[in-house]
């Protein structure tokens, strides 16, 4: 029986309600334990894996909340003292998603903004002042066009993170509340695609979104992104205008959505997250507009069972890789001149755990000076490049 400790906010606990599914976890071979984050985890362990959603605490700690900092350190201290314990996901990787500007910069490193790519992220710029003239200059320089969505710089952990505005012209710039990110609005026929990732599995869910808008003089629209994109959401913002209703519904390329998720996963090095994708109704290009750490997974059938399977396989793979490492360590020490025989983990482990060098060196977030080059692969678009998957069974190479 594997022992999994978990912690998440009261709101997240209520949404996922894992305590009511403890029997399901037990049947899968997991003893699920909700630990007290205010106390040392050493006394509450041992744990084979720690599952958490600490984005709110991470943001609070950055803002100087000593209690939140102490709570985060309780988890970090346990992981440091117990290196064999897996944490899903690592704090240093989640930290990249807390700042929206940095989050979008990560997307650029995936080459999602290549001019000839069907997948992109809309133009954006970080606004740090309320000075209108300064912001007009920044918007033009970054090629952010009207209308644009004004998003709080903090992407997780606060209620305000979902309070957004749509600005239609220069006059609306007086409504921005810096620091924030301005991102060009893309007309997408009021349809949003959520790509949920759980380890090596992906689930695509369609949600309502904001209707098509024109760059005309109009008062600023304020909205809560959670309310607009809820399942079965009913809002004037999601109701298409009459001229758009008659348009032929767009059927997305689900394989492209899945491959986009894989590319971003390679960049993030995370197992539990979701991306929001819209399709430009004029060009047909796919726009990635948001990334969420450990989302709610609404719309994913049998989520608890899928999560159980992922956790079991992740822990099993970790044991196999550790066992292989011990078995071959002596042999590797005897011959330092030979190329290292690296292990390949099972299909349920994180892709980034596979230590084989990928052919495409930049599209997946690897620096060119640390990987071998391949001229042929550089000519391929990201979703056509070979995506390194883990082998079906744990094995040494």
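Using N, Cα and C of the backbone, Cβ positions are placed for all residues, glycine too.
TrEMBL annotations: computationally assigned, not manually curated.
Residues or ranges marked as domain 'Inositol-tetrakisphosphate 1-kinase N-terminal' by TrEMBL: 3-93. The average per-residue pLDDT of the prediction over the domain 'Inositol-tetrakisphosphate 1-kinase N-terminal' (3-93) is 96, rounded to a whole number.
Of all Cβ atoms in the shown protein chains, 17 besides its own fall within 10 Å of the Cβ of residue 296 (1D-myo-inositol 1,3,4-trisphosphate binding site). TrEMBL lists 12, 53, 162, 292, 296 with the feature 1D-myo-inositol 1,3,4-trisphosphate binding site.
The ATP binding site annotation in TrEMBL covers 100, 151, 183-194, 209. Long-range Cβ neighbours of residue 183 (ATP binding site) (same chain, at least 6 residues apart, Cβ-Cβ under 8 Å): 104, 122, 123, 124, 144, 148, 149, 151, 289.
Sequence annotations record features per position, and here TrEMBL assigns domain 'Inositol 1,3,4-trisphosphate 5/6-kinase ATP-grasp' to 116-312.
In this view, residue 290 (Mg(2+) 1 binding site) is surrounded by 22 other Cβ atoms within 10 Å of its Cβ, with every protein chain counted. Here TrEMBL flags 276, 290 as Mg(2+) 1 binding site.
Marked as Mg(2+) 2 binding site by TrEMBL: 290, 292. Counting Cβ atoms from all protein chains shown, residue 292 (1D-myo-inositol 1,3,4-trisphosphate binding site) has 18 others lying within 10 Å of its own Cβ.
What TrEMBL lists as region 'Disordered' is 359-397.
The feature compositional bias 'Basic residues' is assigned by TrEMBL to 386-397.
Under DSSP, the residues of the domain 'Inositol-tetrakisphosphate 1-kinase N-terminal' (3-93) split into helix, strand and coil as follows: 44 helix, 19 strand, 28 coil. For residue 193 (ATP binding site) paired with residue 162 (1D-myo-inositol 1,3,4-trisphosphate binding site), the C-alpha to C-alpha distance reads 17 Å. Residues near residue 53 (1D-myo-inositol 1,3,4-trisphosphate binding site) in space but far in sequence (CB under 8 A, at least 6 apart, same chain), listed by position: 7, 8, 9, 12, 293, 294.
Residue 209 (ATP binding site) has 276 as its nearest neighbour among the binding-site residues 162, 276, 290, 292, 296, going by CA to CA distance. Here the candidates are the binding-site residues 185, 191, 290, and by Cα distance the one nearest residue 162 (1D-myo-inositol 1,3,4-trisphosphate binding site) turns out to be 290.
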